[in-house]
Amino acid sequence: MEQLLDGFATALTPTHLLLAAIGVLLGTAIGVLPGIGPAMAVALLLPVTYGMEPTGAFIMFAGIYYGGMFGGSTTSILLNTPGESAAVVAAFEGNPMARKGRGAQALAAAAIGHFTGGIIGTILIVLLAPFVAKHAVDIGAPDLFAVMVLAFIAVTSVLGASRIRGFASLLIGLALGLVGLDEMTGQQRLTFGSLHLADGIDIVVVAVALFAVGEALWVAAHLRRKPFEPIPVGRPWLSRADLKRTWKPWLRGPVIGFPFGAIPAGGAEIPTFLSYVTEKRLSKHKDEFGKGAIEGVAGPESTASASAAGTLVTMLTLGLPTTAVAAVMLAAFQQYGIQPGPLLFQRESGLVWALIASLFIGLTLLLVLNLPLAPLWAKLLRIPRPYLYAGILFFASVGAYAVNADIFDLLLMFVIGLLGFGMRRYGLPVLPAIIGVILGPAAEQQMRRSLQLSDGSLTGLVNSPMAIVVYVVIVVILFFPLLKRFLPKPPVAPAEEREKVDA
Amino acid sequence: MSVKVWVAVAAALLAVLLVPPLLTPGADSGESNQVRALRVLVPNSPGGGYDITARTAAKAMEDADLLRNAEVFNLPGAGGTVGLGRTVGERGNGKLIMSMGLGVVGAVYTNKSPNSLLDTTPIAKLIEEPDIVVVAKDSPYTSMQQLVDAWKANPGTVTVGGGSAPGGPDHLAPMLIAKAVGLPPKTVNYIPFDGGGELLASVLGGKVAFGVSGVGEYRDQIQAGTLRVLAVTSKDRINGIDAPTLQQSGVDVEFTNWRGIVAPPGISPTDKAKLVEVFQNLQKTPQWREALQRNGWTNAFAPGDEFGTFLESENKRVATVLKDLGLA
């Protein structure tokens with residue numbers, strides 16, 4: 001505790017405060033701009049920070065990291081073009097909200113979600129760092145595969161009205177996920193001899209193409225037939241009803257996000273999706289999901305930030321980067337001759353605690369910066385639709401091109417965009433395809449890794465306690481509807497509840 | 001406030017933020033031996049090994065006034081072969097160099113890349129980084145000999161983890177070791193992880209029997225005693241790591257991961273000489289020496305043609321291993 005207070009003392013000096021502010025501003029800007037993710041931003045700034053002392057540099061990097069999370073969901077919500085993979089899920093409900101004129105609320109729910117998720121995550125760093133360090137390495141491929149199976153079961157709840165169309169869409173996603181070099185053996189799959197496809201198709205490209213490009217084409221095809229009206233911009237603040245619906249998702253987010261961030265190969269995509277499905281299940285407003293339910297923004301965003309905090313735990317205590325940004329920050333530590341790992345907290349305790357303190361400060365700065373901006377950003381949608389969608393297409397193209405400065409990515413985005421247009425034309429939901437791209441490769445990798453570890457024996461899939469627990473949970477979920485028949489029926493919820501929902 | 005104003009503001013912002021990085025500074029070279037407006041292609045993503053080498057070298061050279069207006073940019077993909085394709089495609093361009101290493105040699109085969117490193121103009125080998133054979137502290141293996149015996153008895157269950165995809169350095173090293181001890185590479189149960197970090201967790205958690213990876217990310221864990229190094233793959237022992245070399249443990253393999261610089265094919269002899277000279281001068285700068293120290297890299301400078309010969313022999317060595325595995 002005393003160390004943390006010392007940390008605050010270090011982090012609150014004017015220089016460090018200024019660096020934190022620069023970091024969060026840069027991070028937000030980078031998150032909003034397409035193409036440059038926080039990982040690249042930190043890498044580009046590395047040489048600039050050589051001259052600085054390490055504490056200041058890391059305070060700035062942490063600001064960029066969290067800032068990127070805040071900014072990333074902005075474009076996701078307003079323009080349906082996620083700038084990075086952690087923000088993909090935010091578009092699911094955030095964009096429908098924005099189109100209903102509730103963009104400001106969606107942005108506010110996301111910002112407060114990031115803040116709560118980040119704060120709780122950072123508190124968990126302080127409390128649990130040694131514990132997590134000890135147990136994160138016990139999580140292996142079989143456990144991760146079990147979680148993937150659970151996630152696949154959860155996909156059924158986003159399939160939409162028609163199961164067949166939902167599954168078709170999921171299969172499209174899984175097929176897209178297969179493209180690339182097989183990671184285990186180095187064989188080529190669906191690459192058609194193109195080197196550009198060897199690394200697979202990036203989830204951000206797929207999401208931007210299916211969401212934004214498909215949508216823009218669809219709107220363009222219907223523009224003449226529909227009355228021309230700009231998207232309304234409603235009241236800027238969260239109403240009491242909104243708050244009532246969001247405070248629980250905000251608090252639930254870290255429970256899912258933090259452990260995922262801390263385990264190797266956890267990342268932010270799968271926990272945000274799991275959070276989305278959980279919120280959908282627990283919500284009293286299930287019918288609103290897909291049309292702009294605020295819980296579906298609040299939960300995943302809080303999860304995303306908490307997973308960012310979890311990532312820092314494993315990076316600091318084990319020297320183990322679980323995301324691209326963490327990998328770059330790890331490289332930065334090494335540049336200063338500091339080796340993150342089990343001895344870091346003893347050797348560099350001043351630096352570590354200042355960094356942790358600066359996370360709290362950075363998050364507060366971000367909230368202060370982003371809340372007032374929410375209504376301003378939302379006004380962006382007042383632009384008439386033709387201009388707006390032209391702008392979206394422009395941003396999407398710049399984003400796809402800027403990542404690798406490669407024309408191929410641009411073509412790929414438009415081809416998948418056409419696919420998205422076709423899917424809309426034939427009533428296929430886009431969501432399951434995105435989930436397929438996220439889950440497919442990850443599940444395959446973990447399953448094959450587990451089987452390889454056990455030298456091909458099937459017991460390798462169930463030989464750890466955590467995997468068994470997860471499978472039991474899956475069985476319970478699957479058979480719960482059957483069990484329910486034998487249980488006395490709960491009283492039917494009063495019908496007025498639904499009518500209270502503001503449209 | 002009208003829409004037009006907003007659009008104008010947005011466009012202006014975009015122009016300011018996006019246009020400069022897309023344009024190359026077009027200064028011509030002066031008479032001094034300072035190289036201007038050099039572009040450094042990094043064929044993997046920011047934060048990766050080639051990236052750190054390139055950015056560190058560029059920074060050191062700028063500080064020492066050897067370079068002016070150098071621009072480092074990333075073109076990742078297919079283990080570096082996308083960048084290689086671009087470099088080979090820029091025939092005759094004396095203002096472009098590519099940071100690369102052993103990983104690209106293997107990736108050329110696994111990705112069936114139409115371009116080979118032998119098509120490029122070798123400029124310099126810069127650094128080396130040995131691999132280590134490492135187990136968790138509670139592993140039953142305490143010496144390389146023990147590990148090899150168990151491995152030969154049961155190659156399927158004695159799993160090897162590495163931080164690179166098939167064809168990469170961490171994959172080649174265990175295959176070479178297997179060959180040397182008389183185990184067919186095809187029987188090796190190699191499990192690739194996404195970088196040394198993810199592998200570290202699996203070694204610590206005892207998920208894999210042993211890991212083979214660069215020493216960089218593991219120093220702290222080794223010092224803390226949570227990892228045990230059975231052998232280092234380099235010719236000599238490494239400072240600060242209490243482990244014998246492979247040869248001292250009776251395994252006749254010498255292996256180091258290395259990184260260097262190549263340029264497009266067909267550049268003029270003056271351009272080539274100039275680039276080689278710049279990297280030669282880099283060796284003398286205190287900035288570079290300090291960077292080597294900081295990153296734990298071993299200086300392994302080899303200029304132009306010497307590097308070319310080395311590249312050829314490495315290419316052959318990698319090809320033989322990958323052919324045994326059916327990957328080349």
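First residue shown is number 1, and so on along the chain.
Keep in mind that glycine also has a Cβ here, set from the backbone N, Cα and C atoms.
TrEMBL: automatically predicted annotations, no manual curation.
Listed in TrEMBL:
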DOMAIN    A:17-435  domain 'DUF112'
TRANSMEM  A:20-46  transmembrane segment
TRANSMEM  A:58-79  transmembrane segment
TRANSMEM  A:106-132  transmembrane segment
TRANSMEM  A:144-161  transmembrane segment
TRANSMEM  A:167-185  transmembrane segment
TRANSMEM  A:197-220  transmembrane segment
TRANSMEM  A:308-330  transmembrane segment
TRANSMEM  A:351-374  transmembrane segment
TRANSMEM  A:386-419  transmembrane segment
TRANSMEM  A:426-443  transmembrane segment
TRANSMEM  A:463-483  transmembrane segment
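Here the transmembrane segment (A:58-79) lies next to the transmembrane segment (A:351-374) in space: the count of CB pairs under 8 Å, restricted to residues six or more apart, reaches at least 3.
Contact between the transmembrane segment (A:197-220) and the transmembrane segment (A:386-419) is supported by 3 or more Cβ pairs under 8 Å, counting only residues 6 or more apart in sequence. If you average pLDDT over the domain 'DUF112' (A:17-435) in this model, you get 83. In this chain, the transmembrane segment (A:106-132) lies close to the transmembrane segment (A:351-374): three or more C-beta pairs between them fall below 8 angstroms, excluding pairs fewer than 6 positions apart. Three or more CB pairs closer than 8 A are found between the transmembrane segment (A:351-374) and the transmembrane segment (A:20-46), so contact between the two stretches is assigned (pairs 6 or more residues apart).
If you look at the transmembrane segment (A:386-419), the same-chain residues 6 or more away from its ends with a CB under 8 A from one of its CBs are 34-36, 75, 79-81, 83, 172, 176, 194, 196, 201-202, 204-206, 208-210, 212-217, 219-220, 223, 231, 380. Beyond the transmembrane segment (A:463-483), the same-chain residues lying 6 or more positions past its ends with a Cβ under 8 Å from any Cβ of the stretch are 138-140, 142-143, 145-147, 149-150, 153, 454.
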